[in-house]
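Quick look at what TrEMBL annotates:
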ACT_SITE  Glu465  active site, proton acceptor
BINDING   His464, His468, Glu487  Zn(2+) binding site
DOMAIN    174-358  domain 'Aminopeptidase N-like N-terminal'
DOMAIN    393-603  domain 'Peptidase M1 membrane alanine aminopeptidase'
DOMAIN    677-996  domain 'ERAP1-like C-terminal'
SITE      Tyr550  site 'Transition state stabilizer'
TRANSMEM  111-131  transmembrane segment
Amino acid sequence: IEPFNFNRLQLPRNMIENSMFEEEPDVVDLAKEPCLHPLEPDEVEYEPRGSRLLVRGLGEHELDEDEEDYESSAKLLGMSFMNRSSGLRNSAAGYRPNSDGTCSAHSARTVGVCIFIIIVAVAIIMMIYLLPRCTFTKEGCHKKNQPMEPIQPIATNGKLFPWAQIRLPTAVAPVRYDLTLHPNLTSMTFRGSVTISLQALQATWNIVLHSTGHNISRVTFMTAVSSQEKEVDVLEYPLHEQIAIVAPETLLEGHNYTLKIEYSANISSSSYGFYGISYRDESNEKKYFAATQFEPLAARSAFPCFDEPAFKATFVIRIKRDEQYTALSNMPKKSSVVLEDGLVQDEFFESVKMSTYLVAFIVGEMKNLSQDVNGTLVSIYAVPEKIGQVHHALETTVKLLDFYQNYFEIQYPLKKLDLVAIPDFEAGAMENWGLLTFREETLLYDGNTSSVADRKLVTKIIAHELAHQWFGNLVTMQWWNDLWLNEGFATFMEYFSLEKIFGELSSYEDFLDARFKTMRKDALNSSHPISSSSVQSSEQIEEMFDSLSYFKGASLLLMLKTYLSEDIFQHAIILYLHNHSYTSTHSDDLWDSFNEVSDLDIYLALKLWYQGQFLRERGMELSVQMFMDKMFPFYYSSLWHIPLSYVTDGKNYSKHRSVSLLDKKSGVINLTEEVQWIKVNTDMTGYYIVHYADDNWEALIKQLKTNPYVLSDKDRANLINNIFELAGLGKVSLQRAFDLIDYLRNETYTAPISEALFQTELIYNLLDKLGHMDLASRLVNKVFKLLQSQIQQQTWTDEGTPSTRELRSVLLDFACTHSLENCSAAALKLFNDWMASNGTQSLPTDVMATVFKAGAKTEGGWSFLLSKYVSLGSEAEKNKILEALASSEDVRKLYWLMKKSLDGDLIRTQKLSFIIRTVARHFPGHLLAWDFVKENWSKLVQKFHLGSYTIQSIVAGSTHLFSTKAHLSEVQAFFENQSEATFQLRCVQEALEVIQLNMQWVEKNLKTLTYWL
Ligand SMILES: [Zn+2]
C-alpha cells in the first residue's frame, strides 16, 4: 500500500532540545521511555548506558578545549546523566559531580568511586521506575492502550465464545477459499458464499476465524472422509470481529475439513473493505463502481476468513455481474457464463498461495490498454473517458517489470498484471497480487496538464507497488509489527529502480528529502522502532502505516547497501526471496540472509537501527572533534554501529567514499595529509546527523563560499539540513546556520535550495502564525536576497531537465507566495489569459499551481477555478486547482471547501486531508482548519478509521504550526475528552510534542532573531 503522498506531507518540526534533560537528568529520561523499547537479555550489558559511556568518553580523552562541547556531545548521545546535576567543571583533572556535596573529586580514584555510586543509584532508581510499569518478557512491555482481554467473552447469542484473544488460534489453518460474490451496485448490498478447505494442525473442537458485518444465513461443515454436509451453529464476537464454529466432532491433527458459509452484507460506503462508489461520466450520467481495499484488516468484511498475513492460502473467486460491467480479480479470467437471470458469472483461475489482505476484485465500466511482457499480459485500466491517459503507466510498468524480474532473479509468477485507476480511492495505491489499484492521479498521466512532479509521482508509485509483488506478496511479514519488511523494501526499491532505469528523473532528490523529513519525525519521543513488538489492536496496526515504516525502513536499507556494496546487497535479498517464497517472515529472517552472504554480523550491526529507539535521536548524532595532529576521534554510544564515510578537501581524500563501521565507543581516522575540513556521511547514505566542531563548521562554510561544487549536491543539502537541525537543538547558533546558506547565491542545484527553503519556511511559518509579521518579512527578504538571481533567471515554461523544472516550480512558488519581484503579476497575466480562453489555452505544467494560486486570489478567478474543478477530466490539473482554491485568503471559501469535501459529492472525500493541510498552512486558515477538525472529529474517524494515515495526516496538518501554551492545552484537552484510545494515538502524542518543541524554539530564538535578522 502506498499512503497518499507522504513526501508532500509536512512532517512535524523537530527541535529535539528537551527540557527534561536539563532539569531532571538521567532518571526521567531512562524511565520514561522503557515501554517503547523492547528489552532483550543481550542488551543488558549496556546498562546503565549514559553514565558509563560519558565517563569513558570524557575520562579517556582528557580534552580541555571546550567543555561546552563535551556537554553537547554528551547530550547528543543521550547521556543526560552527568549534565547539570553532575556539573562539568572547568578542570583538567576531571569532573566533579554535583555541588550538593555527595562527591567532590580531585583525584581519579575519587572520580571512580563517585561514578560507581552514581551508577548504582541510577540502577536502583531505574528499577523502581521500571518495575511497576513493565514486565520484561521477550515481547517487551505492552502499550497502555492495548485493550484488556475479557476473560470469558460472550457471543452475541449469549453463549460463551471460545476464544478471548485478538490474534486467531493456530490450531486450524485455511488451505483454499472458494468464494462466490454477487454485488448489487445500485442497492449497495451483496450476497456471498465461501467454502474454506481447512487443515487441523492440532486437535480441536473450535474453528475461530474473522468476520464482520455479515448476516450469516447458513454454515455447514464437512469432513474429508464423509462428504456429508452438517449444518452447524455459529457464534459471533463483534468486539474482535471473530466468529467461532463449534464442530460436530473433534478435528484431528493433520486431517482436512470443509466449512461453507453463506451470508449477505452491505457494500461499504467508506473506501475500506468491499466498497462502492458513484461518479459522473463525461455526459454527466451517474455510474457505479465497486472495488476493494483490504489491507490491513478489511478482507474479513468482504468474506469470513482467517484474516492474518501468515495464514496464506489459495483463492478461487467467482463474481456475478450485470452485462455492461467488467469484473477483475487477482488472477486471469477462466470462464464467463451467462446465467438464467441474464447475469454473467466470471470465474478466475485459482490463485497462488497468498495472504487475505492481497485479495482483490473490481466491478465497473472500464477500458484497458495492454502489452505482453514475456508471457505476462500487462494492462492499464481506467474509466472509459480516461483511457487516453494510460500510455505513460503502461510504458513505465513494462520497463519496471522487466527490471525487477532481472534484479530479483525470480519471474513474476502470474500470467497477467492489471493496474487500475479507481475513481475514488483513499490510499495512494495498493499492491493486490496481479491487480494493483491506484488513485487516478497516481496512475494516469496527461501530457497537457501533468507536471514533472506528477510524472515522478506516477512512476514512483508504480515502482513501489510492483516491488511489492516480491516484497510483500511473494514473501510477506508474519505480523504487522514487521510491516517495514513490506513497506521499507518497497520504498527502497522504488527509488533504487527509478535511479537505475529512469535516471533522468533525479529521484534521488526526493529520497534525500524524504530521509531529512523522516529523521525529524523519528527524533520525537513519540517515535517508534520500525520493528515493534507490541502491535495488537486495530489502531496499533493502522498506526504502523506511517512514514517511519516506509522511509526509515528504506533509509536503513540504503545504509546497508552502501556499506555492504551493491553486489552483496543484491545477493542477500535474492537469497531472502528465494528462501521464503510463498511464506511469511520476520526481520531476523532478513538479517540471516545478509549474514549468509557477508562476513559482517549484520544482526548485531543493524538490530539497534531497526529496534533501537532508546538513544535514537540523541545517539545517532555524531560529534566530531578535530585535533591538531589531524586525528579524528568520534564520540558515540556503543549501542550504535555507525557506517562512516567521509570526504575532505585533501587531494587524496576528495573522492574517498568508502564506508567503515565504527563499532567502538570512539574511533580515529588517520589522515596522511593536512586538510581544512572533513564532511562525514558522504551523500547522506547514513541515517544520522553530524555535528562538527566549530572550526570544521567554519572551514566548511568557507569552502561553500569559495567553491561549493567540491561537495556533491547531496552533501551540500545534507550540511544545510544538519546545521538547521542542530540549530533547532541549540547546538549551533541559528546565525551560523544562516551563515552557511549564505553561499546559496552560487547554488544552482535543486536539492540544497529546496532544503534551505524548507528549513527557512518552517521558521517563517512559526513567526507568521504568531503575528510577528515584521520579523517574518525580514526573514523572507534575507532568503530572497540569497536566491534573487536564480529567481530572476526563471522563465514561465516547461523547459529543462526534470530537476531544473522542479527547481523552477519551487522558486517561482516561493517568489509568488511572498509577492517578490514581479512574480505575482506575471502569474496573474498567465491566469487571465487562460481564463479568457475558458481554460483551453495550455499553461506550463510545472508552474500551473502557482499560476492558479495567483488567480484564486480574485473573486472571479476563484469561482472560475471551481467551475473548472467540477468539470475537468485530468486529476493532475484538478489537484493544482484544488491547491489554489485551498490557498485562498477568504475564510468563508476555505470553510466551504472543507465542508464540501467532507460531504464527498462535489469534492471527493479522498481530497479532504490534502485540503485541511493546505488550509492550515496559511495564516487565514490555520485556526479554521483546527476548528473544523474538532467540529467534525467523529465523522472524520468514522470515514478514515482511528490511527489510519489519513487521520495521522489530518492531526499533524492541523496542529503542527501551533506554538503557544493556549493551543497546547486546547489540543491536549480536546483529544483527552475523546477517549483514552484517541489520546494515546501516536499522532496525537506527536502533535503535542511538536507544539511543545515549537514553543521552546520560539522562546529560545525569538529574541536573537529580532536582534540580527
Ligand atoms: Zn507499499
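In case you wondered, yes, glycine gets a Cβ from its N, Cα and C as well.
Here the features listed in TrEMBL are placed on the structure.
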residue	record	Cβ neighbours (10 Å)
His464	Zn(2+) binding site	29
Glu465	active site, proton acceptor	28
His468	Zn(2+) binding site	26
Glu487	Zn(2+) binding site	29
Tyr550	site 'Transition state stabilizer'	29
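The separation of Tyr550 (site 'Transition state stabilizer') from His468 (Zn(2+) binding site), Cα to Cα, is 12 Å.
Of the chain residues outside the Zn(2+) site list His464, His468, Glu487, Ile1, Glu2, Glu431, Glu465, Ala467, Phe471, Gly472, Asn486, Phe489, Ala490, Thr491, Met493, Glu494, Tyr550 have their Cβ within 8 Å of the site's Cβ mean position. Glu487 are the recorded positions among Glu465, Glu487, Tyr550 whose C-beta comes within less than 6 Å of an atom of ligand 1, given in sequence order. Tyr550 (site 'Transition state stabilizer') has Glu487 as its nearest neighbour among the recorded positions His464, Glu465, Glu487, going by CA to CA distance. The average pLDDT computed for the domain 'ERAP1-like C-terminal' (677-996) is 93.
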